[in-house]
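All remarks here apply to the structure that follows.
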Amino acid sequence: MTQEDEPGALKRGASREEGGCEEGTVEERSREPAPEEHFHEGEEAPPRGVKGMAVVRWVLLAVMALAAVASVVSYVAPKLGWMETAQAAQFYCPMHPQITSDRPGECPICHMALEPIPEGRKQGRGATGASTTSTTSTHAHGAGQGETHGSGAHGSGAHGSDAHGSGAHAAAAATVTPPETGFWCPMHPEVRSETPGAICEKCGGMVLVPVPTREEREAAAREALRKPPQGTTEVTVALDRAQAIGVRTARVEKAGRGGTLRVTAAVEAPEQGRAEVNVRAEGFVEAIRVKQTGVRVKAGELLASVYSPEIFQAQQELLAMKAFGGLPSMSGAAGVAGVAGVPGMSGKPGTGDGHAAAVSPPLAAARKRLELLGLGAATVTRILEKGEPVRAVGVSSPISGYVVRKNVVLGSRVTPEAPLFEVVDLAQVYIIASVHPSQLAGVRVGDRATFTTPSLPGKRFEARVDLVYPDVDLATRSARVRFQVENAELALRPGQFGMAELHAGEGETLTVPRDAVVDTGRAVYVFVVKEGGRYVPRAVTLGPEVGERVVVTEGVTEGEEVVARATFLIDAESRLSASLSGEAPR
């Protein structure tokens, strides 16, 4: 290295030494702790937009408060009458009088254009409620008071304006009988008045109308029945077209009340011909005379013999009473009745001996006890005559008939609760006919009835209907009609089946052909023929069928013509016309 190069080398070395010093300084600085931050004391400045949001919030609260106040005022003001002078109703809907408005428009219910309210109606709206109805309305606007309604029909008390809901209106309409004079609201029959032009406050100002008389109401009901059923309308069909589709007509005619009704029937044992044989004291069966069912017995015939300790003891008491002087003789007692069959006890009036025997009360009571236990008077007399009790007393049949049930065997213990035998008298039997409920209207007590059965060909049993049962059998869904026939020869036996013919009695009813009736399930009607090829649907009420015709109790009159053939085509034309004209149900 030359001397010239020494200064440059020195400079580079110095620069390296300086760089090393700088690096060491950075490392030392990184090891030193960071200086602490200094916070300014006092209130900080608000963020941006806070004042704007506060303004928006207060504006929203003010709008909501105004909306709430307006809603309350709009709801309360009409009820308290605050807006009647400011916004008086000028228009209303004739079909819905409760819909009113202060400006022209349309009804929201039927979309009919609102009409100007007549002057008389406006004056009526200002009338007081006390002059319009029997229900008085008193509006109290003082502090803490509401609207109060009081009437004898609805009670009294404070309640809201909507307390009279549709359910209350329906109940009132169903229970309130319209008066014969004055004015009333057809929608609210309890609202009445004697003042013409009065207003019903419940339905929004409907003018009260005169109360119809009873004759007018009955005529209106008949007229309502003559109106076309819902979904149909009157149609006009040209004569040539009616002939082309095969339309045939028939007159409404009178016919027999019910004709002949042929139904199934069965033989049953009569209820009044049944008898159960019981004992009146506990005992044991010692002998049985009738050992099987189906045997014919006569009234009084012995069926079995029963030993009863209670009856045996009662016989001994009777004999003891007799042995201890239970029959004192009384002189001069002619005409006093004695005990039949007891020696010396006849006591016949007018006899020459002038003596008669009377029964003492203890002996009479003992005899009566035996009779109540089932012993006959003749049996008690024989016991008194022989002077010894009978061990086994007989059980006899109370009626003549057939033994249909036997519940005892030899040695059985019997009690009063259990019947020993059942006897049925089949001299007369029941014929029970099964009639559909729809045909029951044509059957009456006293109608002639006939029964036939295949087991007795050519034989007919005739009688009169004596009972129409008031119930319907749940299993067969049919009503029962009963008549009794003589069965002295036992030709009919309970359980036999056959056919019954029920012949209606006297009387005539209006009838139409069966094919003339249209039954949709919701309505039953016929088409009445009018002049000019017009066919008018008319609702009818049907009765029983009479052969090929049906009884009509309401809806038509004698002599009218109805469609009897091609009824379906006329009905389809009527429904199509009703649909096109907007009269069909939605």
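Glycine is treated like the rest: Cβ placed from N, Cα and C.
Any TrEMBL annotation is an automated prediction that lacks curation.
What TrEMBL records for 26-46 is compositional bias 'Basic and acidic residues'. Positions annotated as compositional bias 'Low complexity' by TrEMBL: 128-142, 159-174. Under the heading compositional bias 'Gly residues', TrEMBL lists 143-158. Feature annotation from TrEMBL assigns domain 'Heavy metal binding' to 91-116, 184-211. Residues or ranges marked as domain 'CusB-like barrel-sandwich hybrid' in TrEMBL: 276-423. Summarising the annotation, TrEMBL assigns domain 'CusB-like beta-barrel' to 429-504. According to TrEMBL, the domain 'CzcB-like C-terminal circularly permuted SH3-like' annotation covers 510-570. What TrEMBL records for 1-47, 118-174 is region 'Disordered'. According to TrEMBL, the transmembrane segment annotation covers 58-77.
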Residue distribution over DSSP helix, strand and coil in the domain 'Heavy metal binding' (91-116):
0 helix, 8 strand, 18 coil
Over the domain 'Heavy metal binding' (184-211), what is the model's average pLDDT?
79
Tell me the residue counts in helix, strand and coil for the domain 'Heavy metal binding' (184-211), as DSSP assigns them.
0 helix, 9 strand, 19 coil
